[in-house]
Amino acid sequence: MGSPSTDPRAALPGTVVPKRRNTELAMLGFAVLITLAAQCIVDLTVTGSLRPELATFGGWFAALWVVVHLVVRRFAPYADPLLLPAVAVLSGLGLTMIHRLDLAALQADAEAGREDAPVQLLWATVGVALFVAILVVLRDHRLLSRFAYTLGLVGLVLLAIPAVLPASVSEVYGAKIWIRVAGFSIQPGEFAKICLIVFFAAYLVDKRDVLALASRRVAGLELPRGRDLGPVLAVWVVSILVLVFERDLGSSLLLFGIFVVMLYIATERASWLLIGLGLFAAGAFLAYQLFGHVRVRVDTWLDPFAYRDEGGYQLVQSLFGLGTGGLFGAGLGGGRPDQVPVAKSDFIAAAIGEELGLFGLVAVIVIYLVLVERGLRTSLVVRDAFGKLLAGGLAFAVAWQLFVVLGGVTGLLPLTGLTTPFVAYGGSSLVANFGLVAVLVRISDAARRPATPPPPPKQALGEAPTEVVSS
Amino acid sequence: MTAEIVLQVFRFGFLLLLWLFIFAAFRVVRADLFGGRAGRVASVPPRAAAPGRKRGRGPRTLVVTAGPLTGTKITLGEQPILIGRADDSTLVLTDDFASSRHARLTNRGGQWYVEDLGSTNGTYLDQQRVQGPLLVAPGQPIRIGQTALELR
């Protein structure tokens with residue numbers, strides 16, 4: 001499919017395709033403005049005066065986005081204009097909430113020690129560096145498909161490392177998903193996620209004809225042959241292993257969900273979704289029967305108030321926070337989000353819900369929605385199958401992760417310990433998600449770039465029988 | 001008292017700011033959908049070229065008048081024109097309702113005939129389903145899925 005000259009985009013070679021870089025600049029400016037406003041409001045509400053470091057923070061944060069914008073202008077001029085502003089406003093809000101929780105910790109205990117917001121700003125800088133590196137090095141997203149199997153292996157190794165390492169290095173709060181070296185802690189699973197999505201995309205583009213066509217129809221559903229179940233079963237087993245050896249419900253669910261949905265996108269067979277759901281149900285049942293840590297999560301989810309003094313305390317506090325926030329919230333700096341344990345990383349959505357209320361939390365969700373929509377749109381428009389699947393997978397990964405996290409915070413789903421992308425405190429998550437957006441920006445540049453106009457025909461028109469249409 | 005007012009201004013002002021951002025983002029999305037390339041391509045008047053042309057012997061171009069490829073033109077020659085989703089078709093359709101080898105237009109002595117190549121959803125010439133080869137007059141719409149073609 002998709003030969004350039006029957007492509008609707010190429011119908012008028014004369015028209016100038018808008019790059020929309022100035023729109024992006026304006027939106028980025030707006031995002032920085034929102035962040036600065038939020039910072040000022042927090043400082044004025046909590047301490048009554050602006051902190052002197054605010055100027056440094058503002059300058060640094062704005063400079064990050066100026067750099068990002070200039071790099072995009074230079075290396076991906078046709079990229080989607082909304083991806084980066086959405087990321088900017090989300091990470092700005094995240095930094096503000098982390099700073100706000102820092103202030104709360106300082107007020108409770110002046111000796112509270114280090115603040116986390118400057119650390120997070122440093123991680124954002126690392127993330128921007130990764131973003132720039134990917135855009136500069138990766139000039140065409142199709143190059144990734146050449147390294148797909150390598151990346152798949154890297155992803156698996158990254159995923160497996162914490163399980164192999166001794167618990168003293170890899171375990172925090174019961175989840176063995178960390179590498180803690182010399183004061184730094186990294187969650188390799190966040191990077192594994194992206195590597196595996198690239199691998200899934202390349203693998204499924206290769207094999208999708210087999211997975212989609214060889215099927216028989218049972219009760220209106222096209223069921224795949226038994227042996228084609230291999231890949232989905234393999235991923236299922238890997239997710240279960242992650243659950244067993246790393247005790248991490250979140251990564252396990254994330255991995256399996258992404259694969260099943262990418263399988264569905266690649267083959268257009270709804271039966272894969274049903275098979276995935278079936279496998280998930282079986283896995284969930286087994287895990288509940290066999291593993292204590294899963295049972296604790298499920299029990300606290302079903303009735304958090306019964307366990308409010310033990311495992312359910314966090315969730316109960318989060319629900320109280322959301323309830324206190326109400327429709328319009330307590331105002332930035334006006335609530336008590338520090339009452340929720342680990343509010344900065346796992347429960348930052350509860351902090352936002354408490355201080356900005358339902359309207360604020362929904363606004364944040366809609367901004368994520370814009371990000372995801374632009375990703376899916378990129379997937380629709382881009383011409384090559386690998387790019388389509390990769391963009392679809394990456395966009396879905398963000399949406400799925402957000403759904404699982406918010407579900408956990410609001411009590412809709414069992415708690416998982418995934419991070420809210422871009423907002424939550426955590427270096428690995430932030431850096432990895434910047435990498436994810438860099439790949440999306442690269443694909444969207446390819447998607448929106450006009451097809452290069454074909455060279456003018458040299459031969460006389462009379463000799464040319466028809467205009468050449470196929471590529 | 002004034003402090004309380006200021007706090008309320010902060011509280012609602014910030015929410016307003018957030019939603020204004022979303023509003024601005026939606027405007028960009030809308031411009032992308034309706035004001036961008038897609039709109040411009042769709043508004044190309046396909047008829048613009050037709051009237052000024054002197055009528056020689058028979059039609060000279062095949063024009064897509066509806067569907068995702070609206071505005072596409074193919075100069076007619078001696079060779080038959082293959083229409084379908086297959087990559088080697090003369091006109092590659094991206095229509096879900098088109099078969100990979102859907103229909104063929106053939107030139108017989110300056111006149112064009114349309115033939116259905118066993119497509120799933122059929123080819124229609126002026127509401128009539130094409131069974132055997134049918135003569136196509138200039139301006140008569142040929143429908144394949146969401147796509148409409150005509151000879152000019």
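Cβ from N, Cα, C; glycine included.
The annotation transmembrane segment is assigned in TrEMBL to A:25-45 (among others).
Under 8 Å from some Cβ of the transmembrane segment (A:57-75) lie the Cβ atoms of residues 21, 24-25, 28, 31-32, 35-36, 39, 84, 88, 92, 95, 117, 121, 124-125, 128, 131-132, 135-136, 139, 441, all in the same chain and six or more residues away from its ends. Per TrEMBL, the feature transmembrane segment maps to A:57-75 (among others).
Annotation comment: TrEMBL describes A:82-101 (among others) as transmembrane segment.
The annotation transmembrane segment is assigned in TrEMBL to A:121-138 (among others).
Summarising the annotation, TrEMBL assigns transmembrane segment to A:147-165 (among others).
A Cβ distance under 8 Å defines the sequence-distant neighbours of the transmembrane segment (A:177-205), meaning residues of its chain 6+ beyond its ends; these are 144-145, 147-149, 151-152, 154-156, 158-159, 161-162, 165, 169-171, 211, 231, 242, 246, 248, 251, 254-255, 258-259, 262-263, 266-267, 385-386, 389-390, 393-394, 397, 419, 426-429, 431-433, 435-436, 439. Per TrEMBL, the feature transmembrane segment maps to A:177-205 (among others).
For the transmembrane segment (A:249-265), the list of distant contacts is 159, 177, 189, 193, 196-197, 200-201, 204, 211, 231-232, 235-236, 238-240, 242-243, 272-273, 275-276, 279-280, 283, 294, 297, 379, 388-389, 392-393, 396-397, 400-401, 404, 414-418: same-chain residues at least six beyond its ends, Cβ to Cβ under 8 Å. Feature annotation from TrEMBL assigns transmembrane segment to A:249-265 (among others).
Within its own chain, the transmembrane segment (A:272-291) has Cβ neighbours under 8 Å at 211, 221, 224, 229, 232-233, 236, 239-240, 243-244, 247, 256-257, 259-261, 263-264, 298, counting only residues six or more beyond its boundaries. Residues annotated as transmembrane segment in TrEMBL: A:272-291 (among others).
Positions annotated as transmembrane segment by TrEMBL: A:347-372 (among others). Sequence-distant neighbours of the transmembrane segment (A:347-372) (same chain, 6+ residues past either end, Cβ-Cβ under 8 Å): 82-83, 86-87, 89-90, 93-94, 97-98, 100-101, 314, 317-318, 321-322, 324-337, 340-341, 395-396, 398-399, 402, 405-406, 409, 420-421, 423-425.
Residues annotated as transmembrane segment in TrEMBL: A:393-416 (among others).
If you look up TrEMBL, you'll see A:422-441 (among others) marked as transmembrane segment. Here the transmembrane segment (A:422-441) has long-range neighbours at 72, 76, 79-80, 83-84, 87, 90-91, 93-94, 97-98, 116, 119-120, 123-124, 126-128, 130-131, 134-135, 138, 141, 144, 184-191, 193-194, 198, 344-346, 348-349, 352, 364, 374-375, 378, 390-391, 394-395, 397-398, 405, meaning same-chain residues at least 6 beyond its ends whose C-beta is under 8 angstroms from one of its own.
According to TrEMBL, the feature region 'Disordered' maps to A:448-471.
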